[in-house]
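Peer 1: Following this message is one structure expressed as structure tokens.
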Amino acid sequence: MSLSIISPSNREKEMQSLISIYNSIENSESIIFNSGAGAGKTYSLIESLKYVIRNYGRSLKKHNQQIICITYTNVATKEVKERLGNSDIVLVSTIHERIWGLIKQYQKELVEIHKEKLKEEISILQKNIITNKEFEKYQELDDAKKEKFKRIMFENKELFYQNYNVRAADLKMAFQPFLEDFPEILKNVSNFRKIVNTIYKLERNLVCLENINLNKKEYKFVDYTSNYNNDQLHNMKISHDTLLEYGQRIIEKYDTLKQIVIDKYPFVFIDEYQDTNEKIVSIMSSLDNYAKKIGHKLFIGYFGDTAQNIYDDGVGSKINDIHIGLKPINKEFNRRSTKEVISVINQIRNDNIKQVSIYNDCGGGSIKFYKGAQENVRDFINKYVHEWNISSANKLHCLVLTNKVVAEYSGFKNIYEAFKETGKYKGINYNQLNTELLNNDLSKLGEVPKLLFSIIKLHNNILNNKTPVLEILSKKSLSDKLNIEDLRKLINLLKQNKGKTLGEYITSISAYYTSVNNEIYEKIMDLTFGYKITSCEIFKNFLLEKLFNDITDENIDYANEIIQKLLDIEMDEYELWYKFIIDKQEQNINYHTYHGTKGREFENVIIIMENAFGKTRDYFSFFFKNLSDPSLLQGAEKDLFEKVKNLLYVSCSRAIKNLRVFYIDEISNFESGIENIFGQIYSYNCEDRSSI
Amino acid sequence: MFLKSLKISNFRKFGTENNKIEFVDASSYQEQKKGREINIAPTTTLIVGKNNCGKTTIVNGLEKLLNNQEFKANDFNFSYLKKLLVEYERNQSIIETPFLQFRIGIGIEDNSNDLISNIIPFMILEDVDRSELEILIKVELDDQEIFKRDVKLLIDKYSGIERFDKFLQLINTSQFNTNYYNAGGEVVTSNFSINKLIELRAIKANNIENEKSLSRAFSKIIEYRYKALFEEEGMNLDSQINLINEELTRLISNKHTKDINQSLEGIESREKLQVLLRADLTFQKLMSNLIKYEYVERDINIPENQFGLGYTKLMMIIADLIDYMEKYPEDSFNSKVNLISIEEPETFMHPQMQELFIKNINDTIGSLLKSKNKNVNSQLIITTHSSHILNSKIHSGNTFNNINYITIENNFTHIVNLHDDIIIPKSQSYDKQKRENDLKFLKKHIKYKVSELFFSDAIIFVEGVTEETLLKYYIDKDEVLNKYYISIFNIDGAHGLVYHELIKLLKVPTLLITDLDIKRSETEKETFKQISNLTDRVTTNETIKKYNSNYEKLDSLPNQLEIDNMYIAYQTEVEGYFATSFEEALILTNYKNVLLNSVLIKVKPKIYREIIMTDKRFQKIKENSYKLQKKLAKSKSDFANELLYKLIIQEEVVNTPSMPRYIESGIIWLTKKLVKEN
């Protein structure tokens, strides 16, 4: 066995980096702990947490104080909790949960922030109405006519929404009788919709603002809903991004709140800081400064690696500009990979962190760069399935560039293809699809993928006998008036929902929904769907509305066709997608995108690579081309270079033992760049193999 | 819903094995509900055992959990803690930290209206169609890191007894949390607390505090009824009390207050000092002194304090039950498991009353339920060391089921769940009718033997009056054994066999003294053939056959047989001969003993003289042992009594005849067992 022996001197050295952290904890001196991939960053984080518990646990408990630990994903939260054991003075959670936990009890102040936000939104909408070209026809009306138009539209709100997704002619027909005085405004239906929508939205926000000022009961609280990705400001509901914004605003505005947070949580640990939102870093920075100002103790520890910043909204190396005065602590050991892998990833990052393996027995790895062709990818993978004895106990993980390929290879190509054709994810929105359809972090799934996820989850849960009943009831309150026979009836009913395709399954669900009078069944479905699923049509319309928001007349048939496609896909395919999302795939070969492997490690890795990435044609090729002298790059190009480097670093550093890169484009222009990192370039084609 | 089982780990005397108490199951419970006559005996769970074996611990543990009381070091099993500490001393890394565990089995009845909201957090899909569910409650450290650090410090700093003391102190000062898990070991985080699911009314052993306990108990019930059931009347009573107060105050004011204030005026001016006296009778005050409890016996009213403690005790329990039933909610469904535990009700009761206890409670509950329309699902748990209560449970319930027998093994509480099927096992080879009859026999026969079996430290089974008489004498003389409660049980072998499974269950060390019963031919019998060799000999003894692998031949029979807690003793070779009975073995062992010889002369003078003839050599006694025992067969009891008489009046202890070797060995085994255990 390799990667098992650690010499005492290495152990001692590793301890030193921990001791530096401990010292900073003692001195309430905020740190930024940098370590490359596989350095055992999570280990250092856990040990630091344990150190605080050991030395401050009693006192924290006595003063009713807690330690905050923020992780990047729910998966990581679970891992930290497991490794930390039973300790309730540490609050481990993702950032959104924590920020909401911090601010939610300050409703009076939150409502103030909310008012500010509403006012800003209102002024943007008002400005749009006045200046935006799309609102031209409305702008041309005189004030009296504007008012009249608004009045008519408010009176016919229902009619407007009923006709939201119909053909332009139908819409015109529906509104003609009401808008005879406004012949111009109906000419362009798309703009008409925009005008009316904006008017409605503006009105809703104004009403909301007024209600807040009137001190109405339902307007005294702001709520955060993790289920939806869009704000509903007028309903006092905010989503992810706005939550962070409110968090930042409220903390910056109220010094007392700063002090409360500092005194209640004197230790804050942030994992994967590089991908943490800037707003969080500025919240932390203002807390840190305020603590120093009032002379209270506060320790903030950022754990991460700038070279692994792969998300655009992550703070990356800017952290040092936003949070000034952090003490850097570096760890240069690698606990994951063989020395062959380590030497390649060091070569990629090419900065002040040069990792060495902590193990004495760190050899035995193998890493090779192949050039080949698209059509040989499967063959190449098969070659290594044999060569590396891939089995369920020794899986092979393939990193591919596009989600399309992941979807195809993982068995849910049709789902992916259908989504790709939707208005929401088409064209410039294509990148959204990657994060919103194939994300292991459920909170990042898009609205429709999240709905599908909930449906498949219910389907999957019902089939699995080990599912906790509460998970199916989804809300504790649903169990309140239940006896055993009610429960048996309910579960039986749920088990009767069947369907080969999604459409059939939904039809089955809605058939029982309308025919069987079972209140709890209905409530479960209401919670799953978010609306009353009385027919499959309702589901279709929902998809249509969400996936083809700005549908034009000509496209309505096409849109319906795509929706039908989604409904005709078999449940088995959705199951595969579901297993992929929850990372419980059963196949021996698992496919991931480069991004999807953050924080993971695999024995065997094959990376399929090409020039392009997403919309950028010249992506990896750009990196290899400029590798010899990146200092020549500036501005956007410099940023791009960094981005590619980080992605390459993250992907290659997943491998523990075996790593292959298979490049499917022509490389003659940048061979030297590749050789610089991977050494010799091998070429692969099928004939080679058949001759073996 | 009902409590089906409770498995207690590491709490007080409980270890991690044989720690499951089983409660009455759903079927008998439901049958009971259907039946017109209420007979609670079969639906009562009995916890029996000697003192200090952990009976009360069971209810105490439940109470602690339900009342969210803190668990302290002395709630942990010390053997367990010692073992942990040794482990910590040995290993650098600490893996297991101390915890207590209660595993609760909840039974679910079909077609029941009970709300299951309290157990849903513990259910997984496959439980939905099952009739049972498990809830795991763990009392575990809040912070393992701090504990581990402190243990390391403590091991470095202290040693020996002091180390263990400090370890206990550490546990005492450490914060423990109560966590809930489902059967799959997953934490149940929803804000569940076990007292939402289980309610326990514990009626304690020492509930008689003073002479007025009963009056107080009943006035509490009346007060409750006034408040909850007769609100309007209660209001009337209140206004009447007010009228009395006003009237009394007026009287007091007229007759006393004025006078007093006048006197005071002499000392200080009225503005500065005066008193106001008024009556202050309240509902509570009235109630607390209102009820006088008298017992009506043959038309004579007997006041509470003249009344036997036993009756008071019974009435206290009944008063508690009335109170319980009154307060039981009037819904048609339950969402809780309701338990009533009665702890050692036998205190102060005479045997007859103990025998009738379950019946009395039965009648009370029956009549209470008749007048109410409540869906009471309460389970009754009685903790007792009364053999009479145990007896009445077995007989009025006509089963051994639902009796938890508690004993101590290797310093740990050991629970035995009695069940008809274990006591008389069902098996293919067992004729069904015979099984029924055996069970019937056991239930009837045990009536007189219950206390011997269940509450003694050791049991000796004998097959004859001589053994019985003599063993009692010998044990009484034995300095070690006479400190124990040892029962001697005289029953012939074939019938004794019926008891064996029960004996094994009860774990009481048992010495079975049986006979070799060597089969002789008719001629051998007539010629009184002495047997000095077992080759080709067979036995007619059922017990020996059974435990010698159904093998009747005697050649390869070991000197004794040991099965679990049983030791089977039978005659071994003495002075060159194999005795067939106890008497013969006794004669062979003591053929030269003067006292024995004198008894033989006394009981069988003619035969004795015939054998010993004129030369008076004891050798003859030895050579005719079989003949002597044959002749004694009809006067065994005379022989035994005469022997006992002589033993008691003799002055020289040296003359005491020795027990035959096979019995001596058995006694030594028994002594070892007893001494080791205690």
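Backbone N, Cα and C define each Cβ position, glycine as well.
Quick paste of what TrEMBL says about this protein:
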type	residues	note
DOMAIN	A:14-351	domain 'UvrD-like helicase ATP-binding'
BINDING	A:Ser35, A:Gly36, A:Ala37, A:Gly38, A:Ala39, A:Gly40, A:Lys41, A:Thr42	ATP binding site
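Help me picture these features in the structure, burial and contacts included.
Peer 2: Every protein chain considered, the tally of other Cβ atoms within 10 Å of the Cβ of A:Ser35 (ATP binding site) stands at 24. In the three-state DSSP classification, A:Ser35 (ATP binding site) falls within a strand.
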Peer 1: Would you list, in sequence order, the residues of this chain other than A:Ser35, A:Gly36, A:Ala37, A:Gly38, A:Ala39, A:Gly40, A:Lys41, A:Thr42 that have their CB within 8 A of the centroid of the site's CB atoms, where the site is the one recorded for ATP?
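Peer 2: Other same-chain residues near the ATP site: A:Ser44, A:Asp305, A:Lys331, A:Asn334, A:Arg335, A:Arg336.
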Peer 1: Could you pull the average pLDDT for the domain 'UvrD-like helicase ATP-binding' (A:14-351)?
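Peer 2: Across the domain 'UvrD-like helicase ATP-binding' (A:14-351), the average pLDDT comes out at 89.
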Peer 1: Are there any residues at least 6 positions away along the chain from A:Gly36 (ATP binding site) with a Cβ closer than 8 Å to its Cβ? List them or say none.
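Peer 2: Same-chain residues close to A:Gly36 (ATP binding site) (Cβ under 8 Å, separated by 6 or more) are A:Asp305, A:Ala307, A:Glu332, A:Asn334, A:Ile345, A:Asn346, A:Arg349, A:Ile353, A:Gln355, A:Ser653.
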Peer 1: Tell me the Cβ neighbour count for A:Ala39 (ATP binding site), meaning other Cβ atoms within 10 Å of its Cβ, over all protein chains shown.
Peer 2: 25
Peer 1: Restricting to the chain of A:Gly38 (ATP binding site) and a gap of 6 or more, list residues whose Cβ falls under 8 Å of its Cβ, or answer none.
Peer 2: A:Asn334, A:Arg335, A:Arg336, A:Ser337, A:Gln355, A:Glu601, A:Ser653
Peer 1: Sorted by position, what residues of the same chain at least six away from A:Ala37 (ATP binding site) have a C-beta under 8 A from it?
Peer 2: A:Asp305, A:Ala307, A:Gln308, A:Asn334, A:Arg336, A:Ile345, A:Tyr649, A:Val650, A:Ser653, A:Arg654
Peer 1: What are the non-local neighbours of A:Gly40 (ATP binding site), defined as same-chain residues 6+ apart in sequence with CB under 8 A from its CB?
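Peer 2: Same-chain residues close to A:Gly40 (ATP binding site) (Cβ under 8 Å, separated by 6 or more) are A:Glu14, A:Lys331, A:Phe333, A:Arg335, A:Arg336, A:Ile358.
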Peer 1: According to DSSP, which kind of secondary structure is A:Gly40 (ATP binding site) found in, if we only use helix, strand and coil?
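Peer 2: In three-state terms, A:Gly40 (ATP binding site) counts as coil.
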